[in-house]
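Chemist: So that we are looking at the same thing, I have put the structure below in structure tokens.
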Amino acid sequence: MYSATASNTFFLLSCFLLFCLLSAPSCVSMFSGIETGDLEKRDDLFPQILRDEAVARLYELGKVSDASGYLERTFLSPASMKAIDLIRKWMEDAGLRTWVDQMGNVHGRVDGANENAEALLIGSHMDTVVDAGMFDGSLGIVSAISAVKAMHVNGKLQKLKRPVEVIAFSDEEGVRFQTTFLGSGAIAGILPGTTLEISDKREVMIKDFLKENSMDITEESLLKLKYDPKSVWGYVEVHIEQGPVLEQVGFPLGVVKGIAGQTRLKVTVRGSQGHAGTVPMSMRQDPMAAAAEQIVVLESLCKHPEEYLSYDGHCSDSTVKSLSSSLVCTVGEISTWPSASNVIPGQVTYTVDIRAIDDLGREAVIYDLSKQIYQICDKRSVSCIIEHKHDAGAVICDSDLSSQLKSAAYSALKKMEGDIQDEVPTLMSGAGHDAMAISHLTKVGMLFVRCRGGISHSPQEHVLDNDVWAAGLATLSFLENLS
């Protein structure tokens with residue numbers, strides 16, 4: 001029987017759908033992605049290259065893994081070497097001249113109409129975290145190659161006003177050697193010679209690992225990988241947002257105005273190893289208990305920095321306010337020795353990841369945290385060592401590049417949707433990107449692409465096919481209007 005309640009529900013639903021269709025283009029975009037209609041018939045939108053082929057390549061690259069059942073592709077692993085060959089083949093298919101440098105970065109270059117002009121660098125990273133999604137990093141590489149291929153197909157590639165170089169960076173995540181930006185850092189010239197001496201958990205040094213992969217490198221040759229700043233015009237990176245903002249506002253693309261600074265610490269706490277059943281609680285020097293207390297202090301400090309730092313003398317009111325909105329802290333890895341259920345650990349090691357837009361505020365947090373870590377160790381009669389594994393200052397994206405990317409994104413979305421009532425959003429990035437390293441070499445700009453649920457560093461990471469298309473079309477528009 002058809003009830004009055006069902007009738008009312010149907011009427012309300014019909015009104016809502018009619019409202020979406022008539023007055024809110026972003027509503028349609030929010031729920032179902034960009035409506036394509038007859039767009040596939042338009043040659044200037046290159047759906048076969050910028051969407052179909054690009055998506056197929058992302059899925060193909062997503063299967064190149066060192067693990068069975070999940071995606072793991074770390075710095076110059078066997079899977080990474082396969083990815084290098086695959087990416088290089090795609091670059092050559094797009095009309096690019098290719099090579100691989102001594103840090104495992106894949107380069108594809110076209111000189112355009114003026115080979116002596118400053119070059120645009122565009123790219124992202126090909127390595128992944130453990131149990132990764134397939135869009136992080138890879139989307140920026142594939143969208144750049146696809147845009148270049150579209151220009152190659154329509155005969156515009158050699159007419160570029162300046163050289164364009166697509167780069168797939170070998171290591172951004174820093175999974176194996178616990179130090180990020182090995183690939184882009186080499187290009188930017190920010191890696192000290194001692195970088196080659198860094199060891200992984202098996203005590204294999206970077207220089208020996210590179211040699212095993214036929215990339216014999218010395219401190220001198222590492223320095224030679226740095227690009228001459230006078231030869232580079234700028235750097236652009238397309239990347240999934242890794243957050244929920246674009247999905248919430250119903251926009252496929254957004255322009256990044258800045259990237260949070262980041263510090264990685266390694267904390268080692270040493271105590272007295274003993275039998276779990278025979279050492280009285282009052283006589284223990286337990287590094288696990290000390291580490292647990294330190295981690296709780298870290299959480300409190302990062303949740304409420306105003307309570308810890310306002311009267312410290314290190315922070316102004318504006319810095320504390322900035323920290324309250326941007327500070328995030330994470331303990332992502334803990335290990336114990338000897339790691340047995342019936343043994344009081346002799347040593348506990350954990351990592352700390354601290355990020356904030358305000359560099360002075362981030363440094364104040366590190367200062368306060370370090371002070372409290374040592375106080376807890378003294379109180380519990382254990383020893384502590386704090387190592388700084390990585391430091392990267394916050395980066396503000398170039399205003400001119402950002403403006404050009406915003407225009408390119410608007411142009412792409414207008415071609416696909418027909419009408420855009422709202423402005424392309426701008427947002428900050430809490431995640432680190434290769435653009436941070438390259439900012440030491442040249443001006444940088446970034447374009448974010450919406451991802452489902454804001455999920456990243458997870459197999460659940462997902463980007464709509466048409467959003468991949470929008471990213472490629474925006475990149476193409478940017479290249480076509482390159483000054």
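Cβ coordinates come from backbone N, Cα and C, glycine included.
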Chemist: Out of ASP136, ASP216, ASP419, which does Swiss-Prot tie to the same Mn(2+) 2 site as GLU173, HIS457?
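Modeler: Given GLU173, HIS457 bind Mn(2+) 2 in Swiss-Prot, the matching entry from ASP136, ASP216, ASP419 is ASP136.
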Chemist: If you run the three-state DSSP split on HIS239 (Mn(2+) 1 binding site), which class comes out?
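Modeler: Once the DSSP labels are grouped into three classes, HIS239 (Mn(2+) 1 binding site) ends up as strand.
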Chemist: Return only the integer: C-alpha distance in Å from HIS125 (Mn(2+) 1 binding site) to GLU173 (Mn(2+) 2 binding site).
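Modeler: Cα-Cα distance, HIS125 (Mn(2+) 1 binding site) to GLU173 (Mn(2+) 2 binding site): 8 Å.
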Chemist: List nothing but the one residue from HIS125, HIS239, HIS457 whose Cβ has the fewest other Cβ atoms within 10 Å; the candidates are the binding-site residues.
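Modeler: So among HIS125, HIS239, HIS457, the binding-site residues given, the one with the fewest Cβ atoms within 10 Å is HIS457.
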Chemist: Work through the binding-site residues one by one (ASP136, GLU173) and point out the residue whose CB has the fewest other CB atoms within 10 angstroms.
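Modeler: So among ASP136, GLU173, the binding-site residues given, the one with the fewest Cβ atoms within 10 Å is GLU173.
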Chemist: How many Å lie between the Cα of ASP136 (Mn(2+) 1 binding site) and the Cα of HIS457 (Mn(2+) 2 binding site)?
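Modeler: If we compare the Cα positions of ASP136 (Mn(2+) 1 binding site) and HIS457 (Mn(2+) 2 binding site), the gap is 7 Å.
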